[in-house]
Amino acid sequence: MGKGNPLFSLLILSLLCHSISPITAVGSPSPVNIWPKPRVFVWPVPHAILLSPLFTITSPTHQYLDAAVSRYLRQVTTEHHHPLVTPAVNLTSASPLRTLEITVNDLAAPLHHGVNETYILRIPSAGPTAYLTAFTPWGAMRGLESFSQLVWGDPPQIAAGVFIWDWPKFEHRGIMLDTSRNYYGVDDLFRLIGAMGGNKLNVFHWHITDSHSFPLVLPTEPELAGKGAYGASMVYTAEDVQRVVEFGLEHGVRVLPEIDMPGHTGSWAEAYPEIVACADKFWWPAGTAWPDRLASEPGTGHLNPLIPKTYEVLKNVIRDVTTMFPEPFYHAGADEIIPGCWKADPSIQTFLANNGTLSELLEMFVNSTAPYIVSQNRTLVYWEDVLLDAEIKVNPSVIPQNTILQTWNNGPNNTKRIVSAGYRAIVSSSDFYYLDCGHGDFLGNDSQYDQQPGSKPGNGGSWCGPFKTWQTIYNYDITYGLTDDEAKLVIGGEVALWSEQADPTVMDSRIWPRASAMAESLWSGNRDETGMKRYAEATDRLNEWRYRMVNRGIGAEPIQPLWCIRNPGMCNTVQPFGEA
């Protein structure tokens with residue numbers, strides 16, 4: 001955000017006209033807060049004014065901003081939120097706020113990666129008009145969310161004399177949800193996307209298919225879902241996808257589809273058994289060592305790169321998915337290619353006997369699919385395995401340089417390897433950002449749970465245990481150990497909920513408010529203006545935000561007893577851990 005930026009000029013003009021000091025108040029305690037914390041929040045004399053019973057929001061006409069304006073107008077006038085701790089501000093007798101006036105510089109800006117989400121919000125000390133200025137409709141939506149969090153009480157009142165200048169630290173801030181292992185209804189996806197918009201997250205990474213089920217109904221390949229879904233009621237039709245995409249646009253959330261391949265494709269074998277290696281086999285056969293397994297968990301099957309029919313089906317799948325999803329990013333998976341699965345196939349055995357290698361097989365697959373995906377005007381996203389796997393990986397020359405790699409192993413080390421190779425990175429480190437970790441495993445006869453008294457539980461059977469607390473997520477710096485130039489290639493991060501042991505009944509509590517922790521870390525950072533981590537200061541704010549989310553219909557889990565927020569400071573410690 002340089003001084004040549006037009007919005008910067010608007011900021012300076014606003015500051016001059018309204019005599020508000022452009023001093024950041026990020027580290028200052030405030031009786032009313034916004035989550036994620038804004039970059040600049042100035043409230044020189046905390047006080048409140050009423051919202052007029054006739055309060056309205058004016059904005060330029062825009063299909064998706066219009067929907068957001070209607071939603072937020074209804075929310076601020078009917079929510080009647082009562083904070084856990086009543087804000088210590090005076091409700092003045094000044095004239096009430098009658099109007100929020102929205103100005104947007106570029107109404108035509110699409111919701112794509114890198115879109116400008118900056119906004120400026122000024123609420124006067126006395127009515128009648130507050131002003132929200134943004135470059136794009138999507139920035140205006142971020143400002144509307146901030147405005148809504150400054151309203152509380154019945155009748156509604158709002159923080160007055162406030163100036164906010166806000167923009168995200170990272171452009172890609174997302175949640176990945178796996179809808180193959182267990183099915184989530186469209187209403188569940190709506191609830192997730194709505195909460196994402198409230199947390200200023202902007203990418204719903206939809207891991208739609210896997211070995212367990214293929215719930216996406218494709219117009220030219222209907223049998224994939226017809227035979228590969230769990231049932232006729234557990235599918236996503238083209239109409240469902242359109243509704244999800246539109247709902248995302250109304251909340252400023254991109255919907256990024258992932259069709260994982262060539263691994264994780266056992267469900268494809270229900271319709272096309274001839275193109276899937278090791279389908280419907282026991283995942284770890286008796287008498288075999290772990291390196292010779294067919295899958296890393298129950299549910300086997302890899303697409304066979306040697307079969308021409310594979311690419312006929314894939315071309316149809318890719319064309320349908322890019323037609324159904326307007327998102328310019330296309331996630332093609334490419335993770336966890338298990339040697340034992342491909343080696344179990346007779347045609348691949350012949351290929352290997354003729355001095356072929358499994359990495360060459362993967363290169364054959366990537367060379368046969370990546371150009372077609374790119375020809376659909378899509379930017380490729382792969383999991384890191386395609387480049388970094390220890391056994392099966394492609395030569396970097398095979399991967400287009402503008403490809404984005406999503407990292408999930410080895411914490412910052414793999415992030416470093418990706419950006420050092422010149423690729424952009426999305427960080428989803430399982431050490432920090434996997435929300436399913438710490439809930440054990442789902443094998444039915446796992447003997448590691450038969451623990452004798454006094455034995456050490458280890459990670460409790462969860463391969464990525466322990467549980468990732470909100471503090472762990474909040475404190476993770478996704479550019480740790482990178483040079484400034486390398487850090488520029490990290491476009492953002494995603495928390496991930498794999499669904500072996502999750503479904504709609506626990507979705508909210510598994511995701512929230514831990515995803516809120518990442519949301520603030522990626523929006524305005526996890527440090528105060530002195531460079532210190534601010535997780536301690538964030539605790540009370542997250543308690544309040546979690547409570548507000550619950551009142552908005554999101555089943556976010558608690559992070560502390562209510563007693564803690566009613567007794568400030570009493571749930572902290574003054575003793576350094578590890579020194580007892």
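Every residue, even glycine, has its Cβ placed from backbone N, Cα and C.
The signal peptide annotation in TrEMBL covers 1-25.
Here TrEMBL flags 34-150 as domain 'Beta-hexosaminidase eukaryotic type N-terminal'.
According to TrEMBL, the feature domain 'Glycoside hydrolase family 20 catalytic' maps to 170-525. Averaged across the domain 'Glycoside hydrolase family 20 catalytic' (170-525), pLDDT in this predicted model comes to 96.
TrEMBL lists GLU336 with the feature active site, proton donor. All protein chains considered, the CB of GLU336 (active site, proton donor) has 18 other CB atoms within 10 Å.
Taking H, G and I as helix, E and B as strand and the rest as coil, DSSP gives the domain 'Beta-hexosaminidase eukaryotic type N-terminal' (34-150) the counts 29 helix, 36 strand, 52 coil.
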